[in-house]
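Copied over from Swiss-Prot:
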type	residues	note
REGION	1-42	region 'Disordered'
COMPBIAS	1-12	compositional bias 'Basic and acidic residues'
COMPBIAS	33-42	compositional bias 'Low complexity'
REGION	55-80	region 'Disordered'
DOMAIN	202-248	domain 'F-box'
REPEAT	376-413	repeat 'WD 1'
REPEAT	416-455	repeat 'WD 2'
REPEAT	457-493	repeat 'WD 3'
REPEAT	495-536	repeat 'WD 4'
REPEAT	588-631	repeat 'WD 5'
REPEAT	634-671	repeat 'WD 6'
REPEAT	674-705	repeat 'WD 7'
């Protein structure tokens, strides 16, 4: 301790000598203001190195009275060691311990705040706070080199001034700074201003808790997030984390973002929703010191593959949500217990998922795609469906062909129908087809075997759709037939007055939509077998009806329907018909508007449907009110084929054109040509779509690459 005091005293001597020397006038001071300014400087030095009264008592004689003049420091210069020993050293000894551990006075055992030992400091001065600014290595290196150019005595003086300021409490620091700033000239003040502008910046993301940092980053768009990741390694870990990009995927994938207007192609929404809880928990336990994969999300600690599915997006994107979920459900039981390599290689970070979807979405927007043509049928292609790398097509040549979409190779041909095939649908295990020979056939499409044949219609089958255990078929005989695979029951839905061209089953609400040549669309209740609602508006035969996913959102102020030219009728009450005709909204719940057969516990049918007709138009409807929200104009002839999801509508018509529409604005985004005959069928996926035509060809447009 004695050596420390000795070094402090030596530093004090040199620093006082330095200060006195710096304050020496370079010439005779004649102006009163200059004399007054120098007198203030002397008083400030005396306040640091000792009171004027103590010094005066020792040297205040008649002979040396001239030393009290502003331009003379002779007396002060003769006793630097005494003044430093008396004032500077005690100042440092008193304040330095309190600067780094303010637990009370050194002479007492009283603790001021055990829970927060640095409670005396603001958030910028607390030594234990993470946001305390680190030293700037280039600046400090430059400062060191400039300091070394000065004489040793000047170096010690400057260093001791720094020590005094560093040891001073906050109140003292403000006084010192105010005194220094008062003596600075304009160039010096300009230098201070430029320097402070950079010094007052803090790394707020590092200082805040991780969950708050993630909350801030979730407000940024993708461009800003990518720029934030370039700031530092810490920012990169935060900006690239699954917590942020899961939210970005949730906001954009399979829906239009209300902020930026962007929507990205389909993703398994079920997994996206299920993983939300895991992501929220992860945000509160995030640690940058963890493994590098923590930010990217390649590592998982879930004990079972089910948990992995809820956390990570499967590496190989697919085109249909339902089929993917079914495939995983059927294969999880036989899947071995996964290890860490399984997670790392099979599941990607959400940022990679978003990047892949964004690339596909951009290709959709600008029409960048590759085209593949499938030739093999000898008559017009009337129906098709694709899933992963499998494409099934049905034709008026009475055959069904199975294709490999990657190679374009024809895998097999299914033969058995006696007339043209108008409709088909397949899943992992079976393919069901409907033909003008009045029959439906169930096939094992992997082997080509016909498993069973169903007859029940008195006319050709021109439309079918199955969901879970319910199959609906539409026929030339003006009826819709419901087949229940579970209890083997069947029944007919009668009401249309002309051919029924298309049907769609919604097992969630236990309802069926049907489109007919009588220019109407009907909504049926499978429980009561009653028609809940009839949609009028088309002036041509309605060829297709497609319910939109429940995630689809439409702003009412965007509606531009002409209610004078459309109407809807309900199978229950006239009041509902009048209300829907006028476009008024009911005060009842969404389910009750469909009649007493719907109780509060029964899910409502899909809220929006899209229809196409031979009047060359496409219409968007709201099922709860029966309103036509939008009419799409652009095709020159009747629209035969239709596909839709939450982001777009794809239509094919007699005019041999395929058009892509924005369902919210009604704008035609792009038109594709290439077929030499009417476009009769369309299949739509997340990154591609396929069209079939009476020219016997199938064309597939891929936006993936």
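Including glycine, each Cβ sits where the backbone N, Cα and C put it.
Secondary structure of the repeat 'WD 3' (457-493) per DSSP (helix as H, G, I; strand as E, B; remaining residues coil): 0 helix, 23 strand, 14 coil.
If you count C-beta pairs under 8 angstroms between the repeat 'WD 1' (376-413) and each of 457-493, 495-536, 588-631, 634-671, 674-705, the highest count goes to 674-705. Residue counts for the repeat 'WD 1' (376-413) under DSSP (helix as H, G, I; strand as E, B; rest coil) come to 0 helix, 23 strand, 15 coil.
Confidence over the repeat 'WD 1' (376-413), given as mean pLDDT on the 0 to 100 scale, stands at 96. Taking Cβ pairs closer than 8 Å, the repeat 'WD 2' (416-455) reaches residues 323, 326-327, 330, 379, 382-385, 387, 390, 392, 394-400, 402, 461-466, 471, 473-476, 483 in its own chain, all 6 or more past its ends. With helix defined as DSSP H, G or I and strand as E or B, the repeat 'WD 2' (416-455) counts 0 helix, 24 strand, 16 coil.
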